[in-house]
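*Asks:* Pasting a structure here, questions to come.
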Amino acid sequence: MLWSGSKRCRWICIGCDDGFVVGKVVRVADGDIVRLVVRDADGLVVGDVVGLILAQPVINNQPITGSLPEATFLQTAIVDINCTDAVDPVNGRVAVNLVDVTSSPSPGHCSACFQVFNLNTAVPNEWKLYFVPGDLDYFTASRYDIRVQCKDSADMLSPLVIIGINVIPNAPPYFSPIYQTINITNSGNRTAGFSIYTATAVDTNSDSLFYTMTTSVTSDIFQINSATGEITLIKPLGGLCRNNLLIYIEAVDNVNPERARLTLNINFLQMNLPAVITNMNRVVSIQENRNVKRIPVNRFDIYQPNFSCTLTVQVSTMQTKITYNPIEGAIDISTLNYEVDSNTNITVQCTDGLCLSTTKWLYIQILDVNDVPSLNPPSQSLTASEGFINTVPNLIVKDEDVNDPHKFEIVSITPVTAGFEIYPDTGRLITTVDFRVDKNNQIVLDFLIAAEDTKGKESTNNVSIRLTVYDINDHRPKLDKSSFEFTLEECHPLGVLAQLTATDEDGGNNAQITYENIIKGPITVSSNGTISLTSPPVAGSFTTLESYAVDKGLNPGVLKSPTPAVITVIGIPCPTVSTIPPVTDVPTPSIVPPTTPVPQPTLPPNERKNNVKDMLWIAGSCVLGLLIAAILIFILYRCHKAARSRQRNISKSMTDLTPRKREKPIKLDKVRRRSSVMAENPPDAPKQTQNDYFNNDVKDTYRENYKKKDLPSAVETT
C-alpha cells in the first residue's frame, strides 16, 4: 500500500512478505515519477508501483490557547501557529488554514471574527491567529474553539489542531462618589465659557468614555464635553434666574450598556433672581369718565439692569387703553366708558433683561357713573294748524347710560304758550284748549325744551322749537239768498236769470267760493254762481234744482254751505197775439222770423230789477254772432212749430171760449204758494262727505277726535 506526499520522499513498504525485497528508487525527474521495484528471493522482478510516499507537516507549539479582551475593536494578533515541513523543516514552505470556529455558550456567534494570516513573508512558518473586528460579547460567547490545519508544498496536511480562545469580559465605568455638591460664587456675573465642573469616571479597562448631561430644569446655558466631561457656560449664568440646580452626568464606554451616573448639586451664590412683584393679583375698580389712572408695579429684585414689564390684555378692544409705561414703571389706563368698554383681566410679567418674573394678574373693573344726557338738534321749526294742536318734534336724546329713561319738559311757559303741554315720555306737544288764530293769519311760538334722566336727575341742554300755527278752514260759506223762483213764458229769451252770492268768514284760499255746476231742464248753474236759462221752458213744467256754495279750503278740506240755493222755474204759455183761421191743404210756408217784437213778459215782483250781469250776458251774446244766430234759428223753428199747433187748437175753439176739456188750466196762485213753501222749508241737504270739524254742533265730537290726530308737520333741523 502506498501514500504520496512531498516530491522529496522516502520509501516504506508496508505489508511486504519477507521474501520480497524492495528495489531501488528510480528517479525519472525531481519529484515527477518514482518507481518502486519489488523482487522475489531469487531476484526476479515481481512488479513495480509508480507513486509517492510523503511525510506530514507538523504544528509544533501545541496546545495553543489565547485570550481576547471583550473591548477589542481593532485587528489584533491573538496566538502564533508554528508549522514545519517534515521533509525540510528549515526551508520547507507551509500554509495554515482555518477550518471552522465554534463559540459557546451561543454557537455561531462572531464566527467571522477570526482569520489566520502570515504577514511576515520572510519567515514562512510564522503564522498567526488574528481577531477581525466584530461583535464580541462576553455574555453571548465567552469561549471560541478554532480548528486549524497546516499544509506543506506537497499539499500534505497536518492533523487538525484546536486553538482555544477565551474572551476577557469588559467592566463598565463608574463614578466615585456618585453625588457631589459644589458652590459657584459671584454667579450673577459669570459669562459664557466659564468652567463649572469636570466629571471623571473610572474605567478599569481604560476604554474611551462618552459623557452626557441633563439638568433638573430646562436650560440652554450649560454644555458638557463628551470626551473630557467638562461642563462650561454657553450663555451668561445670570439668565438661569435660580440659586440652585441639579445636573445629572452619565458616562458610558463602547462595550457595556451600563452607564456610570453622577448627580451634581450646584449652589449659585450672588445669583441674579427674577423680580418679585408685590402689588398684583387683585381687583382694581375704576370709575368711568375719569382721567388716566396709573398703577405702579412694585417689585423687589437684587439685580435690575433693564427692568420692564409685558402686559397681556384679555379683551382685545381694551388693548389700546391699557399700556405699560417703562419710564414710570407703571400701568397706565386711559379714560374708560362703562357703556362701551368691558371689564378685563391683565396678565403681567416683568423682566430685568435676564430673568422673567412669575406671571401676575390684575382685574380691571369699570364702575358706572351717571352720564349727562344731551338733546338734539339744537333748534327746529314745526308747523301746525289751529285748533287742538298735536305735533311731535324731532327730539333726539343721547344718553350713554343703559336703561335710564328720560322725561321731556318745557323749560319756560309764557302767556302765549300757557295752553301747551308736552308728553314727558315722547315729547309730543299738545294744547289743552282750542287754539285759534285770526282770520287769514298765523302765529309763531317759541319753546325751550329739555330732558332729564331718571337715575341721576341730570338735565340736558335746552333746544329751541319754533312752532308756526296757521289758520284752517273752519267756517262754511253762507249763501246770501237761498231761494230763487222764476215764472217764465215759453217764449222767454235765453240768458242770465240771477247770480248766486255767498260769504265765508275764513281768509285766503279758505274764503274762495265756487258753486256746484248743475244743469237741469232749461236751467244751468255755473261754477261762478250764474243762474242761466239755457232752453225755453215748457208751459206747465215745474223745474227745481239745488246748488251748494263750496270753498277752496285745504286744511282740513273743502266745506259746503249748510243749505243749498233752491231754484224753481215755472213754465207758462206765451200770451196770445192774433187769431189765425184754420187752413186746410195749404203748403207749409217757409219759416220767416217775426217782424214784430216779441212782447216782454212781466217778471215777478221779486225779480223786477235791472241786473247788470244780465246786460253783460246779452252783450256777450251779441258778440258771439254766429253762435247766437244758430241758436235763435233753432228757437224760431220750435216756436213756429208750436204756433202752428196752437193755431189749430184756436180755430177749433173759436166758437167756444171755454177751456179745452183735455187741457187743465194752470193755477198760478197754487204754483206760487208751492214755491213759497219750498223757499221757506227747503228740502234737507244731502249728507256731506266732508266732515265739519268746526261747526258748533259738532265741536265736541271734533275735540275728541281731532286732538288724537297727528297732523303733518314740516320739521326743519339745524
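Backbone N, Cα and C atoms are what each Cβ position is placed from, and that goes for glycine too.
Sharing the record's features from TrEMBL:
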- 697-711: compositional bias 'Basic and acidic residues' (COMPBIAS)
- 189-276: domain 'Cadherin' (DOMAIN)
- 392-479: domain 'Cadherin' (DOMAIN)
- 647-718: region 'Disordered' (REGION)
- 615-637: transmembrane segment (TRANSMEM)
*Asks:* Taking the domain 'Cadherin' (392-479) alone, what is its mean pLDDT?
*Replies:* 86
*Asks:* Write out how many residues of the domain 'Cadherin' (392-479) are helix, how many strand and how many coil, based on DSSP.
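*Replies:* Here the numbers are 0 helix, 38 strand, 50 coil.
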*Asks:* Taking helix as H, G and I and strand as E and B in DSSP, count the residues of the domain 'Cadherin' (189-276) in helix, strand and coil.
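*Replies:* Helix, strand, coil within the domain 'Cadherin' (189-276): 5 helix, 37 strand, 46 coil.
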